[in-house]
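Colleague: Below: one structure in structure tokens.
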Amino acid sequence: MLGGIEAGGTKFVCAVGREDGTIIDRIEFPTKMPDETIEKVIQYFSQFSLQAIGIGSFGPVDNDKTSQTYGTITATPKAGWRHYPFLQTVKNEMKIPVGFSTDVNAAALGEFLFGEAKGLDSCLYITIGTGIGAGAIVEGRLLQGLSHPEMGHIYIRRHPDDVYQGKCPYHGDCFEGLASGPAIEARWGKKAADLSDIAQVWELEGYYIAQALAQYILILAPKKIILGGGVMQQKQVFSYIYQYVPKIMNSYLDFSELSDDISDYIVPPRLGSNAGIIGTLVLAHQALQAEAASGEVRS
């Protein structure tokens, strides 16, 4: 049996399940200070006989396995969690193999193995909510360089009629600064869920998302793009994305996915809100396999 932790800035989801993505049991609770939160995590998992645990965490995180601080949450504004040794703490408490990555990487893994990208060798999972993040899988592996991708902070072309300055405290009018949930609320004076019947809101949102997707397509050329997160619960935004992506690409890449079949290419997650927690079970299984391969697996 495997354990998974989807650690978000507002809530934690913990689950136990199997390597095939089956969830057997799960629990949710608010994200508090680290000691209080991790105590609840350990109490929950102590009920089960687990072989390994996977963590998909809010970030930024140190996701470099060669780093001395691998598995640490780094420059987060979340109170108490800055420089928190998440991976090592769980490992010390549970004394079993622990896999680690970002929450959006976990969601990408879930959709890659069991959801919309099953059977493909590449995909891009983007979450648009309180922030904007992405996990990319290329040739069957999560993309990792100096850091995990920070695709929410690319610059996009501002709509000529949009005078909003942007919400990102680092970059102002980057993708996250213009299209995240807090940006929508700041621009229009209401939360996204309360603006569902105002077409202007979602056309502008679709325009900005399409700007970003065009860049990702040109750079990564993923075989499937999956859009999740709270903002994407407003399904009407997809029609504007489907309208703007081909216009922006302007037939530069001649693939049917970008024209006739675009609604099969840019999709919501098949696993819904379970994509991330299922992905953490994948991370747990990978950690178990890695330890077995190194000859250190416990009997």
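Even glycines carry a Cβ here, placed using N, Cα and C.
Since this is a predicted model, take the numbers as computed values, not measurements.
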Colleague: Out of HIS148, HIS153, which does Swiss-Prot tie to the same Zn(2+) site as CYS168, HIS171, CYS174?
Modeller: HIS153
Colleague: Based on Swiss-Prot, name the residue from PRO77, PRO85, PRO169, PRO182 that is recorded for the same ATP site as THR130, GLY230, VAL231, MET232, GLN233, GLN234.
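Modeller: Within the candidate list, Swiss-Prot flags PRO182.
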Colleague: According to DSSP, which of helix, strand or coil covers CYS168 (Zn(2+) binding site)?
Modeller: strand
Colleague: With H, G and I counted as helix, E and B as strand and the rest as coil, say where DSSP puts GLY230 (ATP binding site).
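Modeller: GLY230 (ATP binding site) sits in coil per DSSP, no helix or strand.
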Colleague: With H, G and I counted as helix, E and B as strand and the rest as coil, say where DSSP puts THR130 (ATP binding site).
Modeller: coil
